[in-house]
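A.B. asks: This is the structure I have questions about; it appears just below.
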Amino acid sequence: MRHKETKPADLQAICIVSLVCAVLFAGIAVTVLSESVLLPGGDERMRGLPVLLVASLILLMLFCDRLCVVSIRSHEQTVALVAMACAVLLSVCAGVAASCVEPCAQPIAAAVFLSSSCVCLNMSLMTVCIDQPVLNGVISACFAVSLLLLLASTGTLMCSLDVRLLAGLVLAAAICCLQMLPNIVVHVPDRYLVQWRAYMTRRWTVRGGIPEEARVLTQVDIREDMQTFQARYATGFVLCLALLVLPYAALVAFCDFHRMYDAVGFLVLTAALFLFLTLKPRRSGRPFERYCMRLSAVMVMAMACVRAWGFMTTENMRLFGVCAIGLIGVLLVYAIPVQKGGFHSLVLSRAGDALCFLSMMVTPVAAFFAAGALQYIRGL
């Protein structure tokens, strides 16, 4: 009986599925551990378990790094990208697990600090080991975001600030970076400027030929740089979107709705964030970006409705909440194919642009109030 030979494509699929499953199990283990240790009434006997989990996650992270390097050398870019993403996620899980080793007064800020530290160290290591345009773009974006998170969480821990302030700061920075992402990512390399100066200052006549070092740049010259820019943009988009949803979830959980300014700020933040994530996809030409932003808009509204569920006392208001969630979901699902080419009316298109820009400008101010920054300033 003959055995079928395994094709390289099948091996790649098996490798990708194995990496994704490992990350899922690591995320579940870290979540269960955090709930068991950090929540009130947690088991103190599990304090020694995070050390073993952190060591296992670090080994898995190093394995993913090694697999990424090997895949790049064998020209398997898909496996290398998946291995890099898994290494970043495992670094985050290792940081969260490390924050459970010892009790801390600010466990969430400590988890952000340790996770961003692990990602920074991992990206620093991979910068030395990898020299490929696409992976370099991913590494640089992850390193920049993790470094900013590291600085923000360090300031939060050193000044003993509330975790809501950290969440509000990250959310405000994320929406501004998402709006300005093309300007942040794309830049003109210095060698282009040197080449252009040489082209403009070198004079030649009909008698002599054009020097090779003084020529117009072609698509072949900028191919690697464009690959780096595109990878950096895609990675930055995913990270900014994640840093919009996760801090908003923290504000949903920890916002003090008994204070008027905090409650009003949270409501304005929810409306502005929902409008931005719903209208911003009109300007995007990539289906992946449109679907991700609209899915994030659904998640934002769902978290807000779930948080408001506890304030509903009558059955009529509960029914109203269920109907509102259903109506919003139906409208967004319908808007996915309809808004592919934007609004067909010029007036509606300009109104959508104005609302999108206004919501982007209002979001940092609303996050300032929802995070309780006004009460913190008053207490200084």
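Glycine too: its Cβ is placed from the backbone N, Cα and C atoms.
TrEMBL: automatically predicted annotations, no manual curation.
Sharing the feature lines straight out of TrEMBL:
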type: TRANSMEM; residues: 12-33; note: transmembrane segment
type: TRANSMEM; residues: 53-72; note: transmembrane segment
type: TRANSMEM; residues: 79-99; note: transmembrane segment
type: TRANSMEM; residues: 105-122; note: transmembrane segment
type: TRANSMEM; residues: 134-153; note: transmembrane segment
type: TRANSMEM; residues: 165-186; note: transmembrane segment
type: TRANSMEM; residues: 233-254; note: transmembrane segment
type: TRANSMEM; residues: 260-279; note: transmembrane segment
type: TRANSMEM; residues: 291-311; note: transmembrane segment
type: TRANSMEM; residues: 317-336; note: transmembrane segment
type: TRANSMEM; residues: 357-377; note: transmembrane segment
A.B. asks: Mark yes when the transmembrane segment (79-99) and the transmembrane segment (12-33) have three or more Cβ pairs under 8 Å (sequence separation 6 or more) and no when they do not.
C.D. replies: yes
A.B. asks: For the transmembrane segment (233-254), give me same-chain residues lying six or more residues beyond its boundaries with a C-beta closer than 8 angstroms to one of its C-beta atoms, as numbers and ranges.
C.D. replies: 108, 137-138, 141-142, 145, 162-164, 166-168, 170-171, 173-175, 177-178, 181-182, 184-186, 266, 269, 273, 277, 289, 292-293, 296, 299-300, 303-304, 306-307, 367, 370-371
A.B. asks: Excluding the flanking five residues on each side, which residues at least 6 beyond the ends of the transmembrane segment (79-99) place their CB within less than 8 Å of a CB in that stretch?
C.D. replies: 12, 15-16, 19-20, 22-23, 26-27, 29-30, 33-34, 50, 53-54, 57-58, 60-61, 64-65, 67-68, 71-72, 107, 110-119, 121-123, 126, 132, 134-135, 138-139, 142
A.B. asks: Could you pull out which residues elsewhere in the chain have a CB under 8 Å from any CB of the transmembrane segment (357-377), counting only those six or more residues past its ends?
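C.D. replies: For the transmembrane segment (357-377), the nonlocal Cβ contacts are 161-162, 164-165, 167-169, 171-172, 175-176, 179, 251, 255-256, 259, 261-262, 264-266, 268-269, 271-273, 275-276, 279.
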A.B. asks: Which residues, given as numbers and ranges, are at least 6 beyond the ends of the transmembrane segment (105-122) yet have a Cβ under 8 Å from it?
C.D. replies: 34, 38, 61, 65, 87-88, 91-96, 98-99, 142-143, 146-147, 149-150, 152-154, 156-157, 160-161, 163, 166, 250
